Amino acid sequence: MTDANRSALRHWLSDIRDDAPAAPATSESRETRETPTEGIDASGVRWKRHAEGVLELIPDDAAAAAAVRFDAVLSCGIHGDETAPIEIVDGILRDIADGRLALRERVLVILGNPDAVRAGKRYLEYDLNRLFQGAHAKRAESPAVQRARELEVIVAQYFADDGAGNATRRPRRHVDMHTAIRASLFPRFAVVPSTKDVPHTDAWINTLAAADIEAVMLTDQPSVTFSYFTCASFGAESCTLELGKVEPFGKNRLADFAGIDAALRRWLSGGEMDARDDGETKQARRFRVAAEIVRRTNAFVLDVPADTPNFTPYAAGTVLARDGENTYTVSHPEERIVFPNPNVANGLRAGVMVVPA
């Protein structure tokens, strides 16, 4: 239980890292640790702890709360070894707690996979970012399955009202931050999902560009990722951000993430979404998904080097994959490959081919 005089914002990360059980958490120990608590921080922020690593924040001042423009979800640590986004969010929360950053919006802050963070691993049983949109129901019960189900319920409750019990519908946004092992020709890029009811918008893409996102991959394909879940289920403008290289805690060059850090601070403190502090106008390269390469059998071969960077281009006529008698041949003048991985299970995506949007 968090002490009433102890800042929940300041200790959001340290409470997780200090709580290192010798074995994976049982459902009983998880329930004990995740008893919801709430309070008002000395900085004037009303907070509610929904679960381990999950804090809902809103200005306590009535006038400021009434002026909130949107309901945001800010998630990181869905993969436990992707530490830079966690450190970015921790810095923002500490600055809010210390009064150096004024919170003007309502935000649900999520550290997705505390057990994996403590272990320093991408995931323990299942990849958490493949368990949303109900996909957890198809897996054997495990802490990761429990966490995916728990996060879906919390997000649904968060979006159900405006934080004061009213059914007011504000714009909804979700930024899910990651880092990657694989190099990329665009080191900072976004995967932006859409549905029939939530189309891609120039405003959202320009907002991401202002955060130093160099490329956006626009997709309308159903998915089981966290960002697709919030888009499809709650009409949120969502994105999965890939922000650079995986490093352990304390080894990140946070200057490399200055663009997204400044943007998050600007958004949460009531600033213009698509305007940079330096006044510069940025543009992101836009790509759309042309095809997915799916591994069907054990005969599958992906004809690209193991260290191929994301967005590597291939010319028309290039044969990129073979699977028995089936092949994948580049059909557009140029296609770029993203997330190549020949070692996925049969039936799963081994790569995404994108073309200019």
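Every residue gets a Cβ built from N, Cα and C, even glycine.
According to TrEMBL, the residue from HIS11, HIS174, HIS178 that belongs to the Zn(2+) site alongside HIS79, GLU82 is HIS178.
Comparing the Cα of GLU242 (active site) with the Cα of every entry in HIS79, GLU82, HIS178, these being the binding-site residues, the smallest distance points to HIS178. The recorded positions under consideration are GLU82, GLU242. Their Cβ neighbour counts within 10 Å are lowest for GLU242. The 10 Å shell around the Cβ of HIS178 (Zn(2+) binding site) contains 22 further Cβ atoms across the protein chains shown. When secondary structure is read from DSSP and collapsed to three states, HIS178 (Zn(2+) binding site) falls in the strand class.
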